[in-house]
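**Q** The feature domain 'Nudix hydrolase' is assigned by Swiss-Prot to 50-241, with sequence analysis given as support. What Swiss-Prot records for 136-157 is motif 'Nudix box'. Among the features that Swiss-Prot reports, Mg(2+) binding site is placed at Glu151, Glu155, Asp204.
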Amino acid sequence: MDNETSTPDIFQWCVSPFSKITLKRSMEQRDIVEFRIDATILRQIFHHGFPDLSFNLMVITTDRKVFLLERTESFHYPRVVERIKRGQECTKLVETLYQAERDAVRRLTAEADIVPLAAVKQDDDRPESIYIFPGGHCNGNEPVLSTLLREFREETTIPLKTTELRFHATKVYGIWIHDFAVGKTFKNFVFPVKINLSSAAIRDRFRETRHTRNPTFVDIGKSHRQSLLDLVIKVQKIMIL
């Protein structure tokens, strides 16, 4: 499977992966890699830009919930529409779409019969919603910390200050998403961070955007026996397709 991104210098600052867990469903495999870092490494990462990678926040609220966003559009819908316009086959991609998007594609192809959509199940095991962490790619050499703050504001309409955030200073997570529909691997770095807001406060201040809607919160409980890796795995089980 081809890598969507090359290995950047960021790995020079991270020690060897401490542990790796693999989750797999019908559309994806996700490798969760735990990296041990320190405050110096974290500052170095935050002050550099890596446009080939995606950087995301795993936000933990004051009432101990992890904040997720629902995508308004599935990942591959634009690609499906483009392929239909070109008369190209895209059945595998259609299987990844929201049901409303599948219905729209059926209407687009009803006369041309470009894609054998009748074979696409309406009751498969993929989630009704596609959840993401706030985050995205650096704009050129934009520092990672600036990227995280900008993306959070763009995806939630909520501005944040660094003083409102408490990043985990010893761990960062790599989420390598192997997308079976397109045969590519997408590399994401996830930074656990505690935020000085409750889930109710985020919900009240959130405004739907072009790409995101429906702020969703995963209760992580009050047990101190759960490791941070356990929490990451719990949330990824909800996010994986």
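FYI, residue positions are counted from 1 along the chain as it appears here.
Glycine is no exception: its Cβ is also placed from the backbone N, Cα and C atoms.
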**Q** Say we define neighbours as other CB atoms within 10 Å of the CB. Which of the binding-site residues Glu151, Glu155, Asp204 has the fewest?
**A** Asp204
**Q** Can you give the mean pLDDT for the domain 'Nudix hydrolase' (50-241), rounded to a whole number?
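**A** Value for the domain 'Nudix hydrolase' (50-241), mean pLDDT as a whole number: 87.
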